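Per TrEMBL, the features are:
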| type | residues | note |
| --- | --- | --- |
| DOMAIN | 168-276 | domain 'Cadherin' |
| DOMAIN | 394-482 | domain 'Cadherin' |
| DOMAIN | 483-593 | domain 'Cadherin' |
| DOMAIN | 594-707 | domain 'Cadherin' |
| DOMAIN | 708-820 | domain 'Cadherin' |
| DOMAIN | 820-941 | domain 'Cadherin' |
| DOMAIN | 942-1045 | domain 'Cadherin' |
| DOMAIN | 1046-1156 | domain 'Cadherin' |
| DOMAIN | 1157-1265 | domain 'Cadherin' |
| DOMAIN | 1268-1375 | domain 'Cadherin' |
| DOMAIN | 1376-1495 | domain 'Cadherin' |
| DOMAIN | 1496-1617 | domain 'Cadherin' |
| TRANSMEM | 31-49 | transmembrane segment |
| TRANSMEM | 1718-1739 | transmembrane segment |
Amino acid sequence: MDNRRIKFKNVIRTFCGYFIKIKFKTERYRLRSNCIVVLFFLLNVRFVVCNRPPRFLIDGQTEIVLRLKEGTETPVGTLIYKLRGFDADGDALKFGIRPAPESKVIRVESTSPTEANVYLNKELDREEQDEYALVLTLTDGLLGHGNFITQSLLLLVEDINDNTPIFKNHQPSITLREDAEPGTIATLEATDADEGPYGQVVYHLQDVDAEKNLFAVSTVGDKAVVRLIGSLDYEKQTVHQLKILAVDRAKEGRINTGTAAFIVKVEDVEDQPPEFLRVPPVARIEENSPIGTSVLQVTAVDGDRGVNNRIEYSLSSNSLTSISDVFVINPDTGIVFTESALDREALPSGSGTYILQITATEVGGKVTPAPTATTEVTVMVTDVNDEVPRFKYDRYECEGINGTFHLYVKGAGDTFDITPSKAINEANFIIRVKNSTILDFEKIKTINITVVAKEIVKVNPKFSEVPVTVHILDRNDNFPEFTKSIYEVFVPENCDIGTTVAWVQALDDDSGNYGTKGVKYTNIAGSIDHMLYLHPTSGIISVKTAGGPNWDREQISRHFLTVEARDDLGNGNRNSVQLVINIEDVNDNAPLFTQSKYEARLLEGKMDFEHPFKVEARDADLNGTKNSEIEYILFGEHKQNFTIDSITGEVKPKHPLDFERLKGSTKEHLRTLLLTLRARDWGTPSLFSDVPFFVYVEDVNDHAPMFEHIYYNKSVPETVQGGTSLLQVKAYDLDGSAPNNRVVYRIQSGAADKFVIVPENGVISVARGASLDPDLTQPRRTHYSLTVVAIDGAPGENQLQAAVTVNLTILDVNNKNPVFFEPGTAMVQENTPVGTVITRINAKDLDTTAKLIYSINPKICSARNERGILLKPTDFSCADSFALEPNTGVLSIAKQLDREIAENVQLGLIVEDKNSNTGPQMATATMTIEVEDVNDNSPKFRKPFYKFSVTENSKHGVVIGNVIADDLDKNKTITYALDGLYETASLIHLDPDSGDIVVANKIDHEVYQWLNLTVKATDSGVPPRSSRVELFIQILDENDNSPFFLPEPKSIRIPEDTAPGTEIANLEAIDADSGEFGKITYLLDRLSSQGKFSLDANTGVLKVADKLDRENRASYLLVIEAWDNYQYGFNSGESRNAFKHLNITILDVNDNAPILHVPPYCINITEFHETGQSVTTIHASDMDDPEISNGQVIIDIADGNQDSLFDLEQINEWSADIKTTTSLRGRHGNYTLIMRVQDLGTPSHLVEEPVSICVTDYNDHPPVFVSPPPNSTLRIPENATVGSALIQVMASDEDVGANGAVRYRLKADPSGHWKFFNLQPVSGILELRMPLNRKKQKIYDIRIEAYDLGMPTSLSSDLDLTVYVSDMNDYQPQFLVDEFVVNFTENKLPEQEIRKLPDTIDRDEFEYDGPPAPICYFIIGGNENGLFHVNPRDHTLMITTPLNREEQDSYLLLIKATENCSKPPRIESFFDSNDDSQLKVIVKVLDVNDNPPKFIHRVFTGGVSTATSFGTKFMHVKAEDVDIGDNAVISYYLIGRIQMTLTEGLENLQRLPFIVERDTGAVQLNFDPQQGMKGYFDFMVLANDTGGLQDMARVFIYLLREDQRVRFVLRQQAPDLRNRIEAFREILGNVTGAIVNIDEFRVHANHDGTIDKTRTDLYLHLVDRTDNSILEVDEVLRLVDRNTEKLDTLFKEFNVLDTQPGGTLALKSTLQSASATFWLTASSLFLLLLLMLCLALCINQRQTYHRKLKAATATAYGLSDNILIYPVLTCNNCYNILVSAESDIDGRGVSVISGRVPNTNKHSVEGSNPIWLRAYENEWYKNADEFSQTSEHDSLDENVISCGEPTNSIEHLQGDSNSRNQNLYQTLPVPAIRKLETTEL
C-alpha cells in the first residue's frame, strides 16, 4: 500500500471529527491481481492541505449575456468579452470552452494566469442562428481529467438589414383584355429573412410614366396586390412590363429592395373601327367606258390589329340616291367598277364628277353593330366628243329682201357663232359659244375676234367689221391636285411638340379662291390624327401631342394617314392624299443586358470557365444601325485576369488561377471576383449600361491529407465498455478552403464492427454495444489491425485520401452467463394423456465449468382462453399442468388440458449456472404452448322452439325471423336446414349460414294459416354433430286493393292575401274494395301544408286554413292521402292508401319591406386601404317576387357619408360594393354609414341599416421616447430605498390601439448594471431593485427598450440612460419670477399653441462631469379638469382639449420644478411665495368669433295702436352674443318682404311700414296709423356679428285699438320690472294660451292725480294664436279670472295689485280747450267732497271692525298644524308673513284657500280680501324714519314678526325664470313668529 500511488476519486476538503466513507482505487501497474479496497475509518484531522477550485469573476451574474450585431458589423476576430478568474491557491488558470457544435463560434485565448479574451471566431448570421448557448470552462490543472468549473455564456445575435426581400415564385406574365375592368390582377409575395422592420416588406410600383395611371400596387398583409386602375389600349401599347419593388421598412441606414418583373400582355378587343391604308383621292375615267371598267381601289384593315377581322366594302353617295346604278364595289377587294355607261353631259351643271362614299365594315366580329369607317373619293368623268350639233327647230322659213346681210365671226375658228346669222336692215345679235373646248381659263384669258356684217348680194357685196374682245371668266372646274401622289416622310422618334412632320401642297388651276389661293387643308385622318396639327393654309403638319408609344419607333414604326384639301376657302372641291409617316430611329435606348447580373464559375487551375461564358445585350433601337451596334467592355480590379470579345461578348480567363493565392476565408470553397460588364452602343450620343459580373473561383482539391505518424499501437482489456476512447489519429490538408481542407476519418477495414472513429477528430473508440470478449467472437480474436483513412471533403472523383495502420491487442477477462436457445412454440391437443412429453428445453454457457439447472418460473406464467381473456391463477395453474426435469430440461404434461378453458399458455423458464464463482448466473425465457381443439360439443339452439308471423302476399325475400344455434368448439361454423313437406318448405327459404328465414314464394292466407317445420343445425367438426328445433309460422291476412285519385286538379294558383276559409279545390279518390276497405278517408300531410290548408276528411274539399305568405313559401306541394279502412285498420296497418301531389302557387302581393344584409360587426380595414378598392359588399333582398317590381330594389347611402370618403358601386340588382373614394391615411376611426334599400312595388317600402366601418391603424411607427431625453443622466442619492421609483420613462407611438400600446423593458448589458433596477412594463416607472454603494460604483449605464404590441411585427426603440449615484441634494431648482402670464386662443386644438415656461437655476455643484440632471416641471394646482399639460422635460405648456372662453376666460396654474422626475409632487391648493421652486402661471383665454348671435326669442310679437305717432320706437328685437369685444358687436337688419295679413286701410301704403334700427334692434313705426286700420304684419329680422355669423327671427306686429289694452298694476318700480318682464309675459301667455305683447310701462297715477313711484302700470294686449286677432278687454279679464289658481304664484311673485281695462291711452297728449278745462275742474271738486264724506264714514266704522279682525287673526295666526306660513317680501332683517288657515276668517264664508290669489278681478272692486289687499304694502319702499315710527294704540303691532338674520332679496327668492313654477313658499326657511303687522281697514 505504501509503494503505490493513491488517486482519490473524490477530492476531500478539510474535515474534523466526522465519519467519512472514502472510495479509492490503486493505479493499475502490473500486479498479480486488481482489487478495490474500501476502508471505514475515523478521521480526526486537525490540519489538511487540499486543492481549492477556481471560480469565474462575473460580478454576481448568473449568466454572461452578450449582444452582437451580425455580419460585418461584428468582424471575425473582434474582442467581445474579457474573462477573469480567481484561484484561492494562486494556481495558474486555463480558460476554455466545452466542445459542442456551436462552440466554434468563439475562441478563448489566455492573456494572463487569471484572464482571457473571448474573440469572435466565426461570422454571425442571425438568419442561420440567432443565439448560441455556450459553456465556458475553467480549471487550475488539479481538478482531474475532464473536470472543469463551468460558466454559461449566452450569445445573442442582433439583426442588421443584410437581407434583400426575395419574391416567391409567381406567374411571370398575365394576359388581359384591353376592355378589362379595374380590379386585382395578380398577387405576389416577397419574404425578407430579417426581423422587425428590417423584415417587413412594403410594395411599390417602380415609377414609369406610361404605367402609373394604369396599374397600382398595394400592400395587403404581407402580399403585393397588383391592380388595374386605368383602361388598357391595345392600339397604344400591347405589352406592359411592370417592375414591382419590395422594400423593407428600415427606418435608418441601408434599405434593401427586391425587384420582380411582371409582364401584362394586352389582348386586343374589337374597339377600333377599320382604318384605310390606301385611298386614291381622285380617279379619272372617260365617259362611255365599257361597263365593268375598274375605276379605283381602296384598301382598309381592321383597326384592331390583334383581332384583324375581315373587311367588307360598300358604296354610297350624298349626291346620288342610286349610286349603285352607276358604280359597284367588290366587297372583298375594294375595287370600284362601273355598273352602267357614263355620260358626262347627263351630270348636273356639267360638273362631270361623282363623290363616292366608301364604307369599310368589319365582318365576323362580336361587336353589334359592326364597326365601320367611311372615306370619300372623287371620280372625274372626262369628256369624249360624242355629241352631234342639233337645231333648235326642225324646220325654218326665210325670204330675201334688200338690205339683208349676213353676220359671222372672223378669227375665232369654230369657237363662236352669231345668232341670228342673217338680218334685215338692222338686228340685235348674240355671240354664242359654239365650241367650248378651247375656252379654258387656265390656258387663255382673252380672245380677240372680229364680227363681220356682209351683204348677201352676189355682186360686190359690201361689208363692215367691228373688233370684239372676249374675256374668259373662270369657274371652279378643277380639283386641288397634290404635288405628290403619296407623301412619305421620316420623323425622328421622341420628337417634341411643334416638330414639322410633313409639308403637303395642293395646287388648283382655277383662279382666285377657286384656285390655289383658296385651297385650305381641312382634315387629316388616321391612327394618330389626334396627335398632329394640320395648318389649314400652309399645309404644314406638325406635332401637337408628343410622347407615348405612337412616337416610339420601338413600338410603332409607321403610321398611315389621309390629308384632305378643298378649294374655295375650304368649301369647294375636295381631294385627298395619303401620308405615310415613318418613325426614324433615335439612339434613345441604351443596350440592356439580358440579365441583371452575371455569374460564372471558374475552377482553380483551369483555362476556361466551367461552362463557356458569353454575355448578351440587346438594343431596342433600329437593327443594322450604329444605334443598335453593341460593343462589350470588361473592367474592374481583376480585369487583367480575363479577356472579353468586344463583338461576341465571350469572356475567357487569360491564365489559370490559384485558389490559395486569392484572399478569402478558408471556410468557403468559393472566392468571388467582382468585375463590371459594360455594353455600349455606337450611337450619338453613345449609351451604355453596366451589370455586375461575379466570377466564383472554386477551389480544386489538389492536396491530399497527411497523417502525423506512420502507424499506431494500443492494448485494450476485453471488459472495456462501449464508447470508451482508445486513441486519436490526426492528419492535415494543405488545400485553401472547406471542404477540400476539411479532413474526416474513417476505418476502412479491420474494425469488425467493434470499433468506431469520430470522423471529425480521429478519436477511435469502442463501438456502442460492442464487446471485445474473444469468447464471443467467431473465430476467437485477440488482435485487430485497423486501416484508418483520412479523407478530405472534396466531392466525387476529386476526393483525396491517405491511410494509416492502427494495431489493437485484446486482454482476456472471465465473465460468462448461460443463454437459452429459443424455446419456440409447442402444439398440444386437448385431452392429451398425462405424462406425454411436449418438448425439451436447451440452454448453453460458454464457460467450460458451467452446470445448468432448469426450472419453471411461476411468476411469469399466464394462460388465455380463445377470446384472449387472461385467466386467473385459480382457474389455471402452470405448475400443476406441466412438469420440467431440472437436469435434462424435458417438459411434459402433468394435468389433462381442456381448450375450452385455456387455449394459449405462456410458460416461464429459468436456467441457472450452479458452478458460478462470480455470483448468481442465470437466464430466463418464455415458451408458448398452443392447445389444439377437438370436436367434443354439439350445436345448441338458443330457444326451445321458434314462432313467427308473416303477412300474406309478402314479397320474396321478406324476412320472417331468425334461428340461431351456438357451438362451444373452436370451429363454430354451423349449417342450418329445414325438415318438412316440400309444399310447405318451398314457401320459405332458410339461409344455411345465418339462419335467416325469408319468404320464397307467394303465401296465401286462405291456403295456409300456419306453417309447421323443423330446423336442423349441424357443425363442421369431424365427425359432425347436430341438433333440432321446432318452427311455427303464422300467415296474416291483409287489405289487397288500394284507392286511387282522379287526375284533376293538378295545380292551383291563388294570391297570397286569400282569406282563410276560402274553398279552393275539391279532391276525389276511388277504391275498388267495398265496405270499410272501400270507404275513403282524406288526409292532408301537415308538413307539406305547413298548417296553411285544411282538407275535409270525408268530402275532400280543400280550403285555406291560415294566412298565406308567399315570402315564407311561394308554392306548396301538398301531399294528400286517401285511406281505406281508416277507422279500423289505420292504427293496425290494415289500411291501404293513395297519394296525390297538388301544386299550389302563391301569387305575390307587395307586403314585405326589403331586407338589407349588412355585416353585424365592424368591418376592419387599414388606413392604407387603396382608393377605389372594395370595403365590403352590401346585399339586399326582398321576400317579394324578384321577377316583378315588388321584389326589385335600389340601394344607396342615406347618411353618414358627409366627408364623401365612401361611394357605392352597384354590382348587380341585389348587391353593391362600398368603395373608398380617397385615401384613409390618418383617418383611422369608426364610421357609420346609413344604408338604404327601397323596393319598386306599390306601395313602396324602404329600410335603413347602419354599416360600421373601422379604419384600423397600421403599425408603421416605432415608439419614440418623450422623456427623459436621450443620453440623460439620472441622479439618485445613495441612500435611496429599494423599491422606490426613480424616474418614469415615457414613450409615445403615433399608431393607435395595440399598435400604439407601449411597453418597456430593460436590456441586459455585459456589466450587469441592469440588474440593480426594475422597470415596470406598462407605466415605465424605473425602480431601484438593489441597494446602491457609491464607494463601489457611482455610474450605471442602462439601456431601456420601448416596444409596441403591434401586429404582425412589434417595433421598438432604445434609450440609453446614465444613473449617477450622488450624495444628498442640498438645493432645489429655483424660478427667478413668481408669476408668469401666457395666452391661449380658444377652440385651438392641442399642440397648435405651445408656450415655453421660464427656466430655473440650480445651485448644486456636481461631482459628475457628464450632462446635468434633468429638471422636470409638474402642475401641482389649478388643473383639476386636466385641461393643461406640462411637458416635464422641455418645460412647455399646452392644452389637452380646446378651451372655451365663454365657459371660463382665465385659469390659474401652479407649476413645481423638481429634479425628481420619476415622482410627481403632491397637489397644492395655494401658492407659496417663499418656495422659489413654485411658479404661478396665469392662463388667459383669447376670444375668437365662434358663437353666432342668438335671438332671445324665435318669434317676437308687438302691437301698435292707431294712436301711435309716426317714428315711434315701440318694441325691440334682441339678440345676444356670448363673445366679447368686437366679436360681440351685433347689427340688426330687416330682411325679405313684410307680409300684411287681414289688413284693412293699408292698400295705399307705399313705404316699408317698419324700420329696424341697425345698432339697437329697435322697431320704429314708419307710417302714420289711422282709425279703421286693421290686420297684422310679419317679417324676418337678421342679427349679424362682425365675423359674418348670424341668426334670424320672426316678428309679428299687430294693429290694435286703444280700448283693446289691459292694465296691470304692480307693486314694483319700472326699471326692476323691465328686467323681468319676459318671465311675466311667458307665464301669462302659457296660462292663457294667447300671445302676450307688452305695450308700455308707466308710473302709477292715483285717482287724485298724485304719482306713486312704488307702483307701475303695465299696459299689454293679448292675441289669439289661432287667427292672430286681438282679444277684447273683457275676454282677457275673463281668461285671467278663469285661471286664478294657475296665476297665483305669478301674481304673488310680481306683486300684482289689480287688473283692469287700459282705457284710451294716447302716446302723445294734447291740450284741451278752455271749456273742457273748466268742466274738468268742477268735476274734480265734486269728487273731492264725495271722497271726504267716504273717509269720514270709514273712520267711524274703524273701531267696530278692528277688534273683530284682531280676534279673527289671532286664531288664524296660531301655531296649529293646519296653518301655512308664506314669506312674501323682505325688508332689511324682517319677514312679512301671510297666513292662511283652512277655516273661514270673515263672515261672508270666503275661505283663504278660495281667495288665495290676491287682487284678481274678483276682488278688485268691493269685498276684496282686506289682508291681501294691504299685505303688499310692505315696508321695503318706505324711508328709514317712517319705518321707525310706531303704529297707533289700536293697531295690531304686537303681532309683527321679526327675524334675527338678514335674508336674501326678493330677486334671489324668485330665482331663475326657468324655475318660476316651483312653490316658492315651500322651499324657503320659516322664521320664528314674533310680531304680525296688518293694515288698517
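Quick reminder: no glycine exception, Cβ is built from N, Cα and C everywhere.
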DSSP on the domain 'Cadherin' (1268-1375): how many residues come out helix, how many strand, how many coil?
8 helix, 49 strand, 51 coil
Winner by Cβ pairs under 8 Å against the domain 'Cadherin' (1268-1375), considering only 168-276, 394-482, 708-820, 942-1045, 1496-1617:
168-276
Does the structure show the domain 'Cadherin' (168-276) and the domain 'Cadherin' (1157-1265) touching, where I'm treating 3 or more Cβ pairs under 8 angstroms (sequence separation 6 or more) as a contact?
yes
List the helix, strand and coil residue totals of the domain 'Cadherin' (483-593) as derived from DSSP.
12 helix, 49 strand, 50 coil
Helix, strand and coil totals (DSSP H, G, I; E, B; other) for the domain 'Cadherin' (394-482):
3 helix, 39 strand, 47 coil
Based on DSSP, tally up the residues of the domain 'Cadherin' (1046-1156) by helix, strand and coil.
11 helix, 46 strand, 54 coil
Which residue counts does DSSP give the domain 'Cadherin' (708-820) for helix, strand and coil?
6 helix, 50 strand, 57 coil
PLDDT averaged over every residue in the domain 'Cadherin' (483-593):
89
